[in-house]
């Protein structure tokens, strides 16, 4: 079926069919030689009454004659009057004869002999064209023409529903049933189409225009237009004009305004009309276009005007040619214009005055025309190879439209290309309007190319869909066959069904969110349709396993008891007041609200103060599950966010693994060493922690492997770090910092007695043995072996003491008391005998024959030490267990010489004493040049503090001691001991300035005074950090006084009394206060005149002066 046509047009195809001669479609090559086509040919019946006619008017006639058959002429002459025969031979209607010379009615069945006669008639018809072209060279003006007859033109068999002849020749409306062979007169009757029809009823059409020679079925719903069509059919004048709407969405059967439609359309014949189903007034009309026409004026519906009115004139386009292009023919005087549609004035329909459009003359041998024609034929072949229906259309079109050579009908070929294509509205209309064949053919080729692309796309989609359907049908068929075979053989299933049921059972016990439930259902359906041998099966199974092991909606019952939490925390840790207070606050809030949200805490402190171990105690106090993982040195983001499932061996991140292990949504997760996280080519894990540790985001944490949101808002995160300098600022901002300072000697003593010593005794097997580590020994151990702020090294030293004691006990008692045979059980003795036997049979140098048996741990019993054993470890015997003390002295100097001061520093190990030494490199002389050298592995900030202190010291000496010229001539050297330890920070400013002034004033300082504070060039003392650690270091170094900035007074007040015990604190704001404390006993007059003797000598003479 042609595009845009409906079922009724098939009936019109068989109105008055004629047998045609089948010819192959012949494309043309560049040498103009015919090439045989492989395109298949199918037969098509086409009514000769509906074939396109040559254009003419009342005063102009075409020069060409249609082909005629000699036999037909002779037959007609026998049946007609000679005069009539003479006139009819000259008229175009008389020359158009039916090629059927057998006398049978068109549409009757054709026998084999009839088909042979058809072939002979076709050959004669082609020869007749050539003879007529030679003979017919005279004008036909003045001859009789049916179109000049003012009476209505009858249409016999042209679609009239009430003519008797239409029923006899198969031209009725029932779809063209073949009628019986009628009489010879009736067989020779044929309808005629007027070449001039100045006024027609205009019917607007939508979507695509009509092209001459191609049927189109349209639907008429306007009752007036439907009634007019029926009237036209009854009168035998079923001719209308079809014009395309400019608006694709427009609808209607009447043209209200000439601007609504294109002015170029087609003159069409209504071959059949059928009433619409379900509608009383509507009809479906089948139109057959004959030629192109152009609107000259519009008579709006209901207007009673004559056809001569020229209102709403349509603009005339360039290239529009009216009537024939024959030259040298004189036009007769105009006659009164016949109006065949005058009976339609009573209906409110659209009447238009039209004029015929004729094609411009063209050269059939033009290279452009031949090339484009050949390309159109090639494209048609390609489309035909993809679409069988299009192949039938091409065959029917060639059989019907091309009785001669294909190159002789390029205009029809262009119309065919546009008629069967699905182009744009304006493109199709352009093909209809263009009268120049060389311009029309490329336009039609473009439209046909688009149809080729559509056909290719449809073919591809059809093949893909068909392949998918076949694949699914094949899989389904095979699966059903396999199930049937297993069922017949009684073979059990592969376990997939049980696996699916297991996952569904697990999921039913979990409170999955809607988004997770949706993903679970999709994955379980995928698993059910996968074969166990498929690689995707294991991936899906592992994913479902992880998805069902996450504790969706499962929480542990928390304990909000304050007393219980205090008891648990004190059992495991001594001190750590800040941490314990924060956890108690957390519990109190949960007790009041009834629930608690997850928090992110960060414990910052030196090593060994209990940051990691306190996390486990917090989980026990809150009755939460505990999970710890370290991120120190971590460089792969996938450890936190997981791997994508596309990778082999992919796993979720550590957070999802923690939830799987804890089986609760509210565990305590300890992220250790967060300040030592790394960065590599696999990403920045610290940036991945931003989402994890953000309370606003972790409620929908997205792991790469799980790819579903996981709620972490109820998890209590505890991070640990030694320093905060290496933690990115955005990450640090998301955590609540709790600083843990180092332990003082008293705290270490309590920790050692309560926790470390009992644990070490049990670890070394001395739990039930009378081994006593005296208190003075622990004090000496803390003082001389473990000065660190933490207790990790102290724990090591205590364990070492007990190990030495265990060795001493075993050695003293001997093998007689603690024999090996007493330690073995019966199983152990049997294993020992078997091992000994195997050793004797084999070479002693050979490795064991059965490594698994030989390396298996032999069952043993713990030996009991006799109660008579007593061991006491005191201060004096500590060297026998631990060796010489590591720290031999608390301070470097018993008394300070001039230029030496004791400062205080903060390190990751806690606080430490920082000594600053300044000396005079050379003796002072008038020729001396000032300067200062700095050593001690000082970092940039501390070097700047040295320059500030040097400049400030010179300023103080110049103001308060103007006669002292020490800094003007002194070459100085400043050093900070322990040069292997890098030192940085601004807090040693007042210490350095004091060291320089002590040397310049030659005044030694009190060795029991320690100081810390940042100094500016104007003498202002600024705030410092780590006052607790520095105070502990000062106390350990034997300091009695400590000078610190006044801005740190609040930190000083918060220090425990056991730390401040025996130390006097002095808060200062300016260095003048520091000077008054340190140099209170200084003789200012003597200090002012100091160094005058050294600088008063005469300068040495130069070499020239000595010669004189």
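Heads up, the Cβ atoms here are built off N, Cα and C, so glycines get one too.
Note that the structure is predicted; figures quoted are calculated from it, not measured.
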Which stretch does Swiss-Prot mark as region 'Disordered', out of 279-298, 299-318, 319-338, 339-358?
299-318
In Swiss-Prot, one of 737-778, 779-820, 821-862, 863-904 is tagged region 'Disordered'. Which stretch would that be?
821-862
Fewest other C-beta atoms within 10 angstroms of its own C-beta: which of the recorded positions 612, 987 fits that?
612
Find the average pLDDT over the domain 'Lon N-terminal' (200-452) in the predicted model and report it.
77
Residue 1030 (active site) and residue 987 (active site), Cα-Cα, nearest whole angstrom:
11
Chain-mates of 605, 606, 607, 608, 609, 610, 611, 612 with C-beta within 8 Å of site centroid, ATP:
603, 720, 722, 740, 790, 792
Measuring CB to CB from residue 610 (ATP binding site), give everything in the same chain under 8 Å that is also at least six residues away in sequence.
573, 576, 740, 790, 791
Starting from each candidate's C-beta and looking 10 angstroms out, tell me which of the binding-site residues 606, 608 has the most other C-beta atoms.
606
Express the distance between the Cα positions of residue 609 (ATP binding site) and residue 1030 (active site) as a whole number of Å.
16
As a test of the contact definition, list every same-chain residue at least 6 positions from residue 611 (ATP binding site) whose Cβ is closer than 8 Å to its Cβ.
603, 605, 720, 740
Pairwise Cα distance for residue 607 (ATP binding site)/residue 1030 (active site) [Å, integer]:
16
For residue 612 (ATP binding site): DSSP state (helix, strand, coil):
helix
Can you check which residue among the binding-site residues 605, 607 has the largest number of Cβ atoms within 10 Å of its own?
605
